[in-house]
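The domain 'Electron transfer flavoprotein alpha/beta-subunit N-terminal' annotation in TrEMBL covers A:3-181. What TrEMBL records for A:Arg201, A:227-228, A:241-245, A:258-265, A:Asn279 is FAD binding site.
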Amino acid sequence: MAILLVAEHDNATVSDQTAKALSAALAIGSDVHVLVAGKGAQGAADGASKLQGVTKVLLAEADELAERLAEPVAALIVSIAGGYDTILAPATTMGKNVMPRVAALLDVMQVSDVIEVVSADTFKRPIYAGNAIQTVQATDAKKVITVRTATFQAAGEGGSASIETVDAAANPNLSTFVENRIAANDRPELTSARIIISGGRALGSSEKFQEVITPVADKLGAAIGASRAAVDAGYAPNDWQVGQTGKVVAPELYIAVGISGAIQHLAGMKDSKVIVAINKDEEAPIFQVADYGLVGDLFAILPELEKAL
Amino acid sequence: MKVLVPVKRVVDYNVKIRVKTDGSGVELANVKMSMNPFDEIAVEEAIRLREAGKVTEIIAVSVGPQQAQETIRTALAMGADRGILIKVDELVEPLSVAKLLRGVVESEGIELVILGKQAIDDDANQTGQMLSALLGWSQGTFASKLEIDGATARITREIDGGLQVLDLKMPAIVTTDLRLNQPRYASLPNIMKAKKKPLDEKSPADYGVEINARLKVLKTEEPGGRKAGVKVKSVTELVDKLKNEAGVL
């Protein structure tokens, strides 16, 4: 039977996370339908139809789907779930919000944060902040899965799947969207960036964070991340947090600046291809996972690095 | 309004866990256990709502072995009014926990449930959403701010691009993110007082729930390790290595 992939998108375009989750879907089976739930989302549906391996795109549009609120999106997925034996979504905040609701409505135990598809019913997933990897077999007839996208390659483009319109389910009317507060910037997204530079508490203030990290990020065309300590201290916004409970990233180059390397942070970045650590404490645990370590004062090193690039 | 706060007993977040060599799981014997940090935030939020006069009673519930009582006592020492232990010795999956919590919500007349967004042992991030689905209630996950005004809860959520504000129709389920509040420490007098607060013991059968695992754990293993690399002496050497050795610049 077919597989349903719930798309991460912003109505205009389909996100890279969807293309990565598609690779996981294709490792489970070959007939993958993508659900685009939104409002004015033809652009995202067109984007999804071009992804290599998608056999059909389902487009559902309604006011309450515009921001993909959990209750109406889950109701929609459940209304079409009969035709699918696997339903999956990237483990973005959307996927994490919606999918367990779908699973409970279907009386299915969800498999969260899959990092490897072993077979159609068996998956690997991290537990304890990635300090152990569990292999689990899902025994429910239907599988509901979220995919940790950092470990999957994005599926390519070149497909031309048909787009079919489906009706939204009756709106449960339980919650109302008020507003999004999303900082606009021109940087690449953390979860798809090729290079990330992250700052920790050692930066000392939000001004210093900007002053020291931003010029290097600009030079490298890098996304900016932060440790939990830096976010808690107000040096960086919450959506920059990399770690167990923030974003999990795997760029080609990860530069950790003034980050000691708590296990919760390592959980979010240790799959990066190359890790650079800059820290004045040579005993900092971050050096145990870094390919290249530089011990010293970050306030001297970063301006020098910016010039050297 | 009565609030329910589920609390989970997990390996303390400072403990570096060890995987058993036979692949059967994670070593839990003689390991320090604590309340899941996100659940502490949930308890704190409930107490603040009571202090603000929005909440009349806070019930802390835990699903787990006899020792989970200690976790409930911690919640009572922080300020919860009474506790319920649903005693289960085996591991309980989020779906079963959600079914048990539905039973508690219905039997206790609960109007708001505040839960941690995830437990730091299984990292599943499911129970709140599942409970919300089973009850047919509104759900506000990953909260960094919560304001209750009569029949509406306004919640600010941490989402991928930043923050999202929603109005939830009460009754509601709220799951906590890190920035919601800074949980208080229990004072010694309050720890003593907590010992006298009521703590009921229940079984899954009391709520008509049968515990069965839907996921079969085949194996638990150590993640692929990462070796420490080299220390470079200067920025020039670093840039050179990144360009010529790693090839990432």
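Backbone N, Cα and C atoms are what each Cβ position is placed from, and that goes for glycine too.
Caution: TrEMBL annotation is automatic and unverified by curators.
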According to DSSP, does A:Ala262 (FAD binding site) sit in a helix, a strand, or coil?
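SS state of A:Ala262 (FAD binding site) = coil.
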Suppose we call a site close when its Cβ is under 8 Å from a Cβ of chain B; which of the binding-site residues A:Arg201, A:Gln244, A:Ala262, A:His265 are close?
A:Gln244
Using DSSP and collapsing to three states, where does A:Gln241 (FAD binding site) fall: helix, strand or coil?
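Where A:Gln241 (FAD binding site) sits, the three-state DSSP reduction gives strand.
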Determine the mean pLDDT over the domain 'Electron transfer flavoprotein alpha/beta-subunit N-terminal' (A:3-181), rounding to the nearest whole number.
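Value for the domain 'Electron transfer flavoprotein alpha/beta-subunit N-terminal' (A:3-181), mean pLDDT as a whole number: 97.
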Hey, which of the binding-site residues A:Arg201, A:His265 is the loneliest by Cβ count within 10 Å?
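Comparing Cβ neighbour counts within 10 Å for the binding-site residues A:Arg201, A:His265 gives A:Arg201.
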So which one is it: of the binding-site residues A:Gln241, A:Gln244, which has the fewest other Cβ atoms within 10 Å?
A:Gln244
If you count other Cβ atoms within 10 Å of each one's Cβ, which of the binding-site residues A:Ile259, A:Ala262 has the most?
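Most Cβ neighbours within 10 Å: A:Ile259.
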